[in-house]
Amino acid sequence: MSAKRSRRKGSALVGVLAWAAALVFFFPVLWMFVSGFKQEAQASTDPPTFLFAPTMDQFEAILGRDFTPYLLNSLMASIGSTLLVLALATPAAYALSLRPVPGWRDSLFFFISTRMMPPAAIILPLYIIASNAGVLDNVTMLALVYTAMNLPIAVWMIRSFLLELPTAVLEAAKIDGAGFLTEVRRIILPMIAPGLAATALICFIFAWNEFFFAVSLTSTRAATVPVFLTGFITSEGLFLARLSAAATMAALPVILAGWIAQKWLVRGLTMGAVK
Amino acid sequence: MQPSVRTRYAVAAGLATVLAASACSGAGGGGDDAKTITIATVANPQMQDIEQLSSVFEEETGIDVQFVILPENELRDKVTQDIATESGQYDIVTIGTYETPIWAENGWLAPLDEYASDPEYDVDDLLAPIREAVTYEDGLYAVPFYGESSFLMYRKDLFEAAGLTMPANPTWTEVAGLAAQLDDPENDVAGICLRGLAGWGENLAPLNTIIHTFGGRWYDEDWNAQLTSPETAAAVQFYVDLVRDYGEDGAANAGFSECLTATSQGNAAMWFDATVGASVLEDPESSDAAGLMGYAPAPVMETEHSGWLWAWNLALPETSQHKDAAWDFMSWATSKEYISLVGEELGWTRVPPGSRASTYEIPEYQEAAAAYAQPTLDQIANVNVTKPGLYEQNWAGVQYITIPEFQDLGTRVGQEISAAIAGNQTVEEALEKAQQYAEETAQTGGYQGG
């Protein structure tokens, strides 16, 4: 009886702590969301303004600035690169885990080592190549850059999911006479689907939020949402409310994607090597 | 469980659509059409107005205008990158008075004299000091969109309540005395707001005008750094003491925007900054200080006048493929006609200031900007860009030095000053490092002995 009560007390405490932690992490996002409904002067007061009459002025101003092309460009670059990453990373991860190719350790290290070079170091050659090839300000080019950017992390993640697969299941399938394709399609892919969903979401978020390549390689046709966002930052005048409103709109697709992927995500993030 | 056939078709169709969509070059407008021009610009309020009004130009001329809007530093990087690699993505670029002579020297900008000589454009109407700042070796390389100097903004009501008066031509010593009397930490009112945020376009802008008027300078005529000279050291010590004793809270991180917020919310009795700050302070919608402000000339010490000079300008990159169409837009955006258009469509307080003398003769503007129009004009007219202090300079610029290395040098020196304002080091320590940076820059840049 008393043991039961103290357990209940304990779990209530954990619940309160979890909520408190969640609120602390969520507060900046909430503040951004709230600030988007303020007037500029209210958004930059010290101490901060908590009570105010909400206005849609900032959102209207943003929509008046032709947000749609930026949104479409971001969607194309992010979704396109994520699909390409999954298509390339899954076979690569397979060849580095379940049926390791010779030298798989070196390959694996090579993949991750490409992330060790800071983007600033490769932007100039990349820019010159793009310029000479005539693909500056081109969404396809941006999608390819994001594919290259996300590929290493996707290979590593998917590999860790593949290693988790119980070998007994794979062996059983083989004994039952399953060929390679059947094994991949009916056993492996369904089993790592949560992992693939988690990988896809992470790649999508990285591509969606990427700013440096986007600002360097695009101008009018292929500019993405993060580039659009910075267009509200000015050295002369107040801009916090409008920037918050724009950032809220920019975050919506990611929140939506996260919400859709949620039920796979928890499993995907807790399986594999990162536990 | 296997996905149904229908799901699989839906997924395949979705994939195909996305891949097909990303095979095109992008959703944004713009093209290689001769009738489309691309302008790269900063996001300042005046530029947002021009974006809004550009449809008038598009209807008149049939030329399509695309805007790339970025923060100042990203824009500078991006445009430099584009021009240096001759990518030719931009037909018009927005640049400051600092970049104009440097880029003109590099051969990146098309000369505009021939275009601007059109009598209808009335190039002689441009304010002389601003025009001089965008001129390189007698050639005009940019046209000013709006310009500014700096002056002292103060709260008339607080002065009255304290029984103080602002002298007609204040000295910095007088201003420091006033700041001491007006500083009221209990009521959250700083005596004076001054920029402490590190950056050549932030804390160095007001500081350098003070260095000039104290009789100091960055370099002598042979490019020997002068940052530890007694005059320069006295000016920097004065600035740091003033902002530490009677300045705003968190001064080391306060720039133009922070001081603007503080002053407009009644948390500063004085503010020495850009003349364009006045138009925001006088807007009742965003400022509690509207109607309460007075404006005095930039305070002085050894010189007759002080105050910086800056303008945002439109320039034509040599790499542009549509130079004539680009000039059509540039001349429209810097014309008298455009200034009237802003006044009529958006309100007279939003008119781009400090570019044309004729702006200050428009009765509606005189009325709307009564409090600060004349002080702004006088302040700009009194700037001497080649001799802002006691000495003739090798360059034309008040708060900056027109060498490419200054961006980096200015940022580093600005950081040392900011650290002194934060109290992390003394002014002597800051200036010793600054002097060393400046000396190294002059040597490696090949300016000394040249």
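Each residue, glycine too, has its Cβ placed from N, Cα and C.
Those TrEMBL annotations? Automatic predictions, nothing curated.
Going by TrEMBL, these are the annotated features:
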- A:71-261: domain 'ABC transmembrane type-1' (DOMAIN)
- A:12-34: transmembrane segment (TRANSMEM)
- A:75-96: transmembrane segment (TRANSMEM)
- A:108-129: transmembrane segment (TRANSMEM)
- A:141-158: transmembrane segment (TRANSMEM)
- A:187-208: transmembrane segment (TRANSMEM)
- A:239-261: transmembrane segment (TRANSMEM)
Pairs 6 or more apart in sequence, C-beta under 8 angstroms, 3 or more of them: is that satisfied by the transmembrane segment (A:141-158) and the transmembrane segment (A:75-96)?
yes
Checking distant contacts: for the transmembrane segment (A:239-261), what same-chain residues at least six beyond its ends satisfy Cβ-Cβ under 8 A?
29, 31-40, 42-44, 58-59, 61-62, 67, 71, 74-75, 197-198, 200-201, 204-205, 208-209, 225-226, 228-229, 232-233
Give residue numbers and ranges for long-range contacts of the transmembrane segment (A:187-208): same chain, 6 or more residues beyond its ends, CB-CB under 8 A.
74, 77-79, 81-82, 85-86, 89-90, 94, 98, 146, 149-150, 153-154, 157-158, 160-162, 165, 169-170, 173, 178, 225, 253-254, 257-258, 261, 264-265, 267-269, 271-272
